[in-house]
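Visitor: Questions regarding the structure given below will be posed in turn.
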Amino acid sequence: MSSDADMAIFGEAAPYLRKSEKERIEAQNKPFDAKSSVFVADPKESFVKATVQSREGGKVTAKTEAGATVTVKEDQVFPMNPPKYDKIEDMAMMTHLHEPAVLYNLKERYAAWMIYTYSGLFCVTVNPYKWLPVYNAEVVTAYRGKKRQEAPPHIFSISDNAYQFMLTDRENQSILITGESGAGKTVNTKRVIQYFATIAVTGDKKKEEATSGKMQGTLEDQIISANPLLEAFGNAKTVRNDNSSRFGKFIRIHFGTTGKLASADIETYLLEKSRVTFQLKAERSYHIFYQIMSNKKPDLIEMLLITTNPYDYAFVSQGEITVPSIDDQEELMATDSAIDILGFTSDERVSIYKLTGAVMHYGNMKFKQKQREEQAEPDGTEVADKAAYLQSLNSADLLKALCYPRVKVGNEYVTKGQTVQQVYNAVGALAKAVYEKMFLWMVTRINQQLDTKQPRQYFIGVLDIAGFEIFDFNSLEQLCINFTNEKLQQFFNHHMFVLEQEEYKKEGIEWEFIDFGMDLAACIELIEKPMGIFSILEEECMFPKATDTSFKNKLYEQHLGKSNNFQKPKPAKGKVEAHFSLVHYAGTVDYNITGWLDKNKDPLNETVVGLYQKSAMKTLAFLFTGTAAAEAEGGGKKGGKKKGSSFQTVSALFRENLNKLMTNLRSTHPHFVRCIIPNETKTPGAMEHELVLHQLRCNGVLEGIRICRKGFPSRILYADFKQRYKVLNASAIPEGQFIDSKKASEKLLGSIDVDHTQYKFGHTKVFFKAGLLGLLEEMRDDKLAQLITRTQAMCRGFLARVEYKKMVERRESIFCIQYNIRAFMNVKHWPWMKLYFKIKPLLKSAETEKEMANMKEEFEKTKESLAKAEAKRKELEEKMVALMQEKNDLQLQVQAEADSLADAEERCDQLIKTKIQLEAKIKEVTERAEDEEEINAELTAKKRKLEDECSELKKDIDDLELTLAKVEKEKHATENKVKNLTEEMAGLDETIAKLTKEKKALQEAHQQTLDDLQAEEDKVNTLTKAKTKLEQQVDDLEGSLEQEKKIRMDLERAKRKLEGDLKLAQESTMDIENDKQQLDEKLKKKEFEMSNLQSKIEDEQALAMQLQKKIKELQARIEELEEEIEAERASRAKAEKQRSDLSRELEEISERLEEAGGATSAQIEMNKKREAEFQKMRRDLEEATLQHEATAATLRKKHADSVAELGEQIDNLQRVKQKLEKEKSELKMEIDDLASNMETVSKAKGNLEKMCRTLEDQVSELKTKEEEHQRLINDLSAQRARLQTESGEFSRQLDEKDSLVSQLSRGKQAFTQQIEELKRQLEEEIKAKSALAHALQSARHDCDLLREQYEEEQEAKAELQRAMSKANSEVAQWRTKYETDAIQRTEELEEAKKKLAQRLQDAEEHVEAVNAKCASLEKTKQRLQNEVEDLMIDVERTNAACAALDKKQRNFDKILAEWKHKYEETHAELEASQKESRSLSTELFKVKNAYEESLDQLETLKRENKNLQQEISDLTEQIAEGGKRIHELEKVKKQVEQEKSELQAALEEAEASLEHEEGKILRIQLELNQVKSEIDRKIAEKDEEIDQLKRNHIRVVESMQSTLDAEIRSRNDAIRIKKKMEGDLNEMEIQLNHANRMAAEALRNYRNTQGILKDTQLHLDDALRGQEDLKEQLAMVERRANLLQAEIEELRATLEQTERSRKVAEQELLDASERVQLLHTQNTSLINTKKKLETDISQIQGEMEDIVQEARNAEEKAKKAITDAAMMAEELKKEQDTSAHLERMKKNMEQTVKDLQHRLDEAEQLALKGGKKQIQKLEARVRELEAEVESEQKRNVEAVKGLRKHERRVKELTYQTEEDRKNVLRLQDLVDKLQAKVKSYKRQAEEAEEQSNVNLSKFRKLQHELEEAEERADIAESQVNKLRVKSREVHTKVISEE
């Protein structure tokens, strides 16, 4: 522990990092009982502190801190650590290591704002949720170069250790930062980067000057500029965090050889791409979508073809769309500037935005199912056109690729049909893939920008990744995250084991090493090894027919019961189903495997991917080039190194990335940081125990403690152990001789009764198992208690012995004295003794005389010295009196200062309290505002959802209308076909038999081909399995090249053979399938034509019936609409009448208010005149009280302003709330209307579906009949002649039916014309209705405007009243001379207030009268229908007025926009000038850098030139050597010539040799020429290389120039961010200066009060006079207080009046409810009329009882249901039931018709035997039954029409009640405003009361100061008197002695 002086270097951060010395000493001296102080388990708090009271039978009874007594088991009790371990910095050093000790240590440190704590190798950080001063530059420099144990825990300490290890060990480092979302991972990552950037740039002070212009914060600035881009595309709002990173990242910061920053790069992991298409309710998608739609850049909206409403796009509007803490507009500008800074080109920027917009459009693409097919088709192409345009694709190709993708089968491509759901899944997968690939591409581009190309040697990696996740629903994403954390924990355990091993090895400890990294091996192998979860998942993904169930079954077969980590979860109520559980180190997690196969495959539509690759957008094509390459590689090589590269699953890719990460981490020295969320509510200082414990388990802190406990976690140096625990057995260590500390510790531990296996001796330390040190501490405490007791006993014995010894000595001395006295008494009468007594004094007389003389001399001397001393004493006394006087004066002054200081402190405390109260109020108001905003957001979301549903319903209605039109067209077509088909009927009868035979034969052949196809598929599957095995063998046998070649040749031969077989099989199957398809199509055509022939006639009859019904329904609808229009007109008249009455009332009230305002203004004028008269008197008073009132007045004003603002905010919020409630009610009405429309549509849909089903049944029956006819034709071929005659009869009947069909079609055409005419009339009525609704809306708007004017008048009145109260308060301070006048004026004002209140009450009574009139007008509403036209004219006038007002508003808006534009232009010019200045400064900096870099390049070029010159010199030397060789050859030539001259005799031989030598010379010359040419060529190449190098250097210079420009841009951006931060800092400094000014003002007040007190002490008489004046003022204030009290009572009276008005409003509400009741009675009368109509219907139905028994029963049930119904909703339901019964009756009738048809068929058979008459009778009976059915259906339609009419009546009544409720709400608003006035009056009274209290406190204070001054004067006077008395006494004593 360092001292407070050592901590001074941390500055203001010191108290947030380490305890002070005082706290440490207090903790060590705190009383503590190790046996009784424990933690016990608690169900609420997890663990609580307690004191053990008893232990019995394995149970412990303890008393908690809260006073509760609990009894728990022994294993739920945990011992507490001694107080010296409180707030310990490294939790691994605690005596007792367990969960509650860790929890409470973290909690106590967090309460003291020490957020960083070590736990062994971990650094645990708790999110403070507020700013702490622990990251400033002072702290950075303090941690620089410090070891871990030398400084308090901090993220800077971890960073500095990593940096120092990198420099000293020359090893890469890594910092692993994990934790849940919102725990502070990203913030700590930024702090790490900040630290490295600071120390690495300013690290080498010797070269500081040289590097000052190069890398000053460059890396940090670049990463900061990358952050907005990464956060925009990778961050989103979650439940816990508004800006949560939805991806992990590993940031590598590279350093050069000297430790300077070199470059950086980023790797990302596990981007949550599912968020692109799906979000939870409380979350939202990635920020970029909402930034674009914030409309900060309108050109983006136009470019992307989108709107600014997120609810228009399904992918981004499933959750919330706004975040209060994020400004999307500012974030968009930051993102846009980051794109520029990071060097993206303009095309790339546009591509990024376009791809983002395309993803949004993908979510709006609609598809529907084709009729009679499962094939999907586009439902509109508008959205697809936009998406394709943004991606530079062809819209038709895109839609075709989505609905009809091409699939490769063998070597051919086949078009495959897609269902609607499959298409939607494909669209979602494409959107996610585009977004993910774009994000990864942006990361790659950022890395290219961050790579500065500087030399780098080592790096420090910072891993920011999500922690362990255990949710209620855990899917594949959670398994990946948890598996990552499992691997990281294994890595930590192994690393910790290695460190422990090194420690034990260094200390020479014998220990059985356990690799704790293997503890997690079982779980990891279960997931990643062969036949593990991932392996099985990937295997299942390869099988086409695999499902989630088959995957689950395989998991169970493979692992259930075989692995302890794999379990089957127990079903829990209320939770999502779980399929299997895994036992992780952090707990057991239940996983749900739904959709894992699809997630893992993550299939993409390959056809669309092909379109992407061919896109004209380069970025999109580049993003998907890798996909094509992978396919080519997978398809072409078939046996490369990367197996299955064309089919890489998500899990395989994840494992590959994870393995790379683990490889990186294993190559580094790791440091671990764990981030903790203290609570879910983001409250600073609060900690939730269960939440923190869950995180400690999940992030491995408790796992690390477990590993510590397995070894020897506690370790102490021998010297420290000997010194502390020697007391346990001091005899074990011999005294008086030297002994080594290690031997002493061994002897000491050997002599103590402890388990000797629980400790080990190292070279320098003794190591203990967990808990043993605590046991030694307890033994030491017991031993110390014994020793202290023994010491106390010895001390008490020693003191008793000393006392006894004194008593014995006293007794002996007494005995001696008694003996001597007795002896003297015996000898005093002896004569010799008497002589001795007489002589003895005479012997000393001479000596006494001498002594007397000496004494006289001494007396004289002392007398002189006394006189001198007396003189000195007098002087000193005088000085003392003067000093005492000064002392008293100083004491009085100090006392006065202390009093004034106390007063100032009291005032300061009061100010702080008021500030806290105001802050609390502000917080409450902001919370309320946030709640209201949340409610508003929910309502708007609901509104959007309803609008979407409404639009969907409209689309459904449009679709139904389209289908109806299609059906009508088909009907016309089929009418033409019927004629043709009747002619072809005879021919088709003959061909049917042949076709059926052919069909059977084809079916058999089709079955045979299916069997063959299945066999071929089995073969293909076996072949694919064999192929995969062979590919595995190829991958495994890469070691030897020769074997691989042989195996590859064999495999290729087998593959070619198999492919040939496969092609043949596929070709044969394709041929068979084509034949089969052709035959099926022919067969379907024939069957379809046959079924059409039989069914079209019946369809046409049913259609004619339906059209007749529709005509009747539309006629009824027209009547109903006419009735509705009449009712609407009546309600309009009523509403207009009410509006005119209300407007008259508002005008009267406004006139009254103006009168009151005139009175108050006249009163104000009088007050101003009086003010002018009293100006002089008031100045004198203000000068006297200015200094005392200044601070109070400012505070009052601030308080009043803040209260007024809060009140206004509350009023605004209430108004917003009321508006929202109105909108809510209107939305509810719309919901009801939509629900009713939905019901009608669903009923119509159900009817259509029933009709379809019946038609299908009829078709099937006709098919069966067709087969029977076929058999009859085959059986009765002999009777063909007779049948021909019968066929003539049938043809006649067919002609009759044709004529009937033509008649029906003509009737249908007439009906369609009528329908169109009715539709046109209906549209006209709807238009008229909408015009009326618009008029009503405008009238409401006028009413709202009038209401707002009224509110403004009310506010003006309140302002006047506040001014009046201020004038009253000023008048009250005037002299008593004018008090009576002021009182009279206030009384007059009060009378005016009373009059105003009376007028308001009259107005309220008038409102009541108006409501009564409304009730009477309700009864006479029929008479007011004639006034509708006049009201419509008024409405038009009001509309014109509104239009004029709107025009004025638009003009004003235009002027405002122009001024805004001017402001923006001037602001832009200012920014441009600032930018210019910055660019000039940066250009200067750039030129300097360029100059330095050019100098460096010049030096490098010089060095390269030297090297080239050296090479040239070498070449010239070689040429010189060649010249020497030539010279030597010339010498040889000369010698040969000499020999020639000498040997002329042998001329021929010499000539031959000469020729030979010349040949040699020629060859040598040739060689020399070749050498020369080679040298020339090399020189030319070198010249070219030099030129190439020059060009390369020029390019490098250009690239460096571009990077320098990018750096300058990033630096400018950083400067901008820095300026922004400086602006924030300036604001904070302004706040600080404001606080300092407040303190300085308080100090000035204190000094002023000091001066005032000095004046009062100097002038007591003036103070007395001032006291009298203050008494007079007090009397005046009391009178004013009485007046205010009377005013408060009057305000209470007005409050009671408002209460009465509220009751009146409630009475009006009751009247409205009575009116509703009256309407209800009218409704019941209508119901009675409806019942009468229904009885008529039942009578008509009664006529059919003999024909249809079921219809009569249904009608009786309907009667019973109608009579039993009590409520309107039940009657509607019963009516629906009756309609359903009638529908069933219709079905029954249709069934009877079918039965009759069957009988008719039988009759036809009988007719063969001669029964034609019977057939005719049956046909007549059938026609009668059909007519009856038709009449019954008509009656049913009429009943439904009446039911709908009553439903509309109910809606009208509900609408009327809603209008009444709105009127009540308006009255309630009026009451609320009156209450607000009352509150303002109360507030004024409170302000006056506060002012009186302040004056009273000032008076009391001055009176108290006066009394104290009098007391001090009395005390001083008494002290002076005492001193005088004393001086007199001394003087008298001196005189008497003289």
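The backbone N, Cα and C atoms fix where each Cβ goes, and this holds for glycine too.
So Swiss-Prot lists these for the protein:
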| type | residues | note |
| --- | --- | --- |
| BINDING | G179, E180, S181, G182, A183, G184, K185, T186 | ATP binding site |
| COILED | 845-1926 | coiled coil |
| DOMAIN | 33-82 | domain 'Myosin N-terminal SH3-like' |
| DOMAIN | 86-781 | domain 'Myosin motor' |
| DOMAIN | 784-813 | domain 'IQ' |
| MOD_RES | H756 | pros-methylhistidine |
| MOD_RES | S1095 | phosphoserine |
| MOD_RES | S1236 | phosphoserine |
| MOD_RES | T1240 | phosphothreonine |
| MOD_RES | S1260 | phosphoserine |
| MOD_RES | T1264 | phosphothreonine |
| MOD_RES | S1291 | phosphoserine |
| MOD_RES | S1573 | phosphoserine |
| MOD_RES | S1602 | phosphoserine |
| MOD_RES | S1713 | phosphoserine |
| MOD_RES | T1729 | phosphothreonine |
| MOD_RES | S1738 | phosphoserine |
| REGION | 658-680 | region 'Actin-binding' |
| REGION | 760-774 | region 'Actin-binding' |
Visitor: Secondary structure at S1602 (phosphoserine) (DSSP, helix/strand/coil)?
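Guide: In three-state terms, S1602 (phosphoserine) counts as helix.
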Visitor: Roughly how many angstrom lie between the C-alpha atoms of H756 (pros-methylhistidine) and T186 (ATP binding site)?
Guide: 48
Visitor: If you count Cβ atoms within 10 Å of the Cβ of T1264 (phosphothreonine), leaving out that atom itself, what do you get?
Guide: 9
Visitor: Taking the Cβ of A183 (ATP binding site) as the centre, count every other Cβ atom within 10 Å, in any protein chain shown.
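Guide: The answer is 25 other Cβ atoms.
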Visitor: Report, as a single number, how many Cβ atoms besides its own are within 10 Å of the Cβ of S181 (ATP binding site).
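Guide: A 10 Å sphere around the Cβ of S181 (ATP binding site) contains 18 other Cβ atoms.
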Visitor: Translate the DSSP assignment of G179 (ATP binding site) into the three-state scheme.
Guide: strand
Visitor: Of the modified residues T1264, S1573, S1602, which one has its Cα closest to the Cα of T186 (ATP binding site)?
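Guide: Minimum Cα distance from T186 (ATP binding site) across T1264, S1573, S1602 lands on S1602.
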Visitor: Pick the one among the recorded positions K185, H756 whose Cβ has the fewest other Cβ atoms within 10 Å in this structure.
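Guide: Result for the recorded positions K185, H756: minimum number of other Cβ atoms within 10 Å at H756.
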Visitor: According to DSSP, which kind of secondary structure is G184 (ATP binding site) found in, if we only use helix, strand and coil?
Guide: coil
Visitor: Per residue, counting other C-beta atoms within 10 angstroms of the C-beta, which of the recorded positions T186, S1573, S1602 reaches the highest number?
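Guide: Buried the deepest by this measure is T186.
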Visitor: Could you check the binding-site residues G179, G182, G184 and say which one's CB has the fewest neighbouring CB atoms inside 10 Å?
Guide: G182
Visitor: Quick check: which same-chain residues outside G179, E180, S181, G182, A183, G184, K185, T186 lie with their CB within 8 A of the centre of the ATP site CB atoms?
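Guide: Not counting the recorded site residues, we get N127, N241, G467, C675, I677.
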Visitor: Which number gives the other C-beta atoms within 10 angstroms of the C-beta of E180 (ATP binding site), all protein chains shown included?
Guide: 23
Visitor: Going by Cα-Cα distance, pick out whichever of the modified residues T1264, S1573, S1602 is nearest to A183 (ATP binding site).
Guide: S1602
Visitor: Please report the Cα separation of T1264 (phosphothreonine) and K185 (ATP binding site) in Å, rounded to an integer.
Guide: 74
Visitor: Under DSSP, is T1264 (phosphothreonine) helix, strand or coil?
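Guide: The residue in question, T1264 (phosphothreonine), is helix (DSSP, three-state).
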Visitor: Mind looking up the mean pLDDT for the domain 'Myosin N-terminal SH3-like' (33-82) in the predicted model?
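Guide: Summarising the domain 'Myosin N-terminal SH3-like' (33-82) by its mean pLDDT gives 90.
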Visitor: In whole Å, how far does the CA atom of S1602 (phosphoserine) lie from that of K185 (ATP binding site)?
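Guide: A Cα-Cα distance of 34 Å.
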